[in-house]
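Chemist: These came from TrEMBL, pasted as-is:
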- 1-11: compositional bias 'Basic residues' (COMPBIAS)
- 1-36: region 'Disordered' (REGION)
- 38-182: domain 'Oxidoreductase molybdopterin-binding' (DOMAIN)
Amino acid sequence: MPVTRGFHRRRPEPERGRLPPGQYDTGSSWPVLSAEATPHQPEESWTFSIDGLVESPHTWTWQELQALPGSTFFGDIHCVTTWSKLDTTFSGVSVDDLLAVARPDPAAAFVMAHSVTGYTTNLPLADVTGGRAWVVWSFDGKPLPRQHGGPLRLLVPHLYFWKSAKWLSRLELMAEDLPGFWEQNGYHDRGDPWREQRYQGDD
Ligand SMILES: Nc1nc2c(c(=O)[nH]1)N[C@H]1C(S)=C(S)[C@@H](COP(=O)(O)O)O[C@H]1N2
Ligand SMILES: [Mo]
């Protein structure tokens, strides 16, 4: 029963409740999980676009992104392979601010995030709005390392980390849900770590 859960159990680690079910704290390490080779396109030629079902498709250059009002996330990230990393700090711009420029069509309900490498991942539009998603280029105040998605990655920390596409080039707004790379390979469409939505068929 949820009400009595933990009542008879000792909880030595004070922060235990911060870990979603089945996750462990990876501490100061940060595993690299990449399906592709790390791309090395320079920042100066990087562009990021929002297109698809929007009123005003828009492409930002690297310099234009840096000039936007900044936004910082401080909190935890959770990989489906069961590591979580606590107290991370990522900075960039909030997806809300980018969408305010592109103006989603009322029919838009899903997003496909595209990496320059061809990696894709799908998300409900509602999961990248409301101050819960960022396009980031710095970690702990330093440029985001290449192997972790630098120069630019998506950050959607309330979902499993495969939704946070590295080397982000594009958010495509869609009316219908289409599976991205891992979702076509058996992973869950939404991927909420607190509900342990790891694989297709999980709740
Ligand atoms: N382009 C791209 N983005 C990606 C991935 C990938 O393989 N390619 N892996 C995803 C997965 S499964 C995780 S857990 C995180 C890993 O990010 P990290 O390598 O910075 O820890 O990136 C996600 N974004
Ligand atoms: Mo992952």
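In case you wondered, yes, glycine gets a Cβ from its N, Cα and C as well.
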Chemist: Quick one: average pLDDT across the domain 'Oxidoreductase molybdopterin-binding' (38-182), no decimals.
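Modeler: Mean pLDDT, the domain 'Oxidoreductase molybdopterin-binding' (38-182): 98.
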Chemist: For the domain 'Oxidoreductase molybdopterin-binding' (38-182), DSSP counts of helix, strand and coil?
Modeler: 27 helix, 61 strand, 57 coil
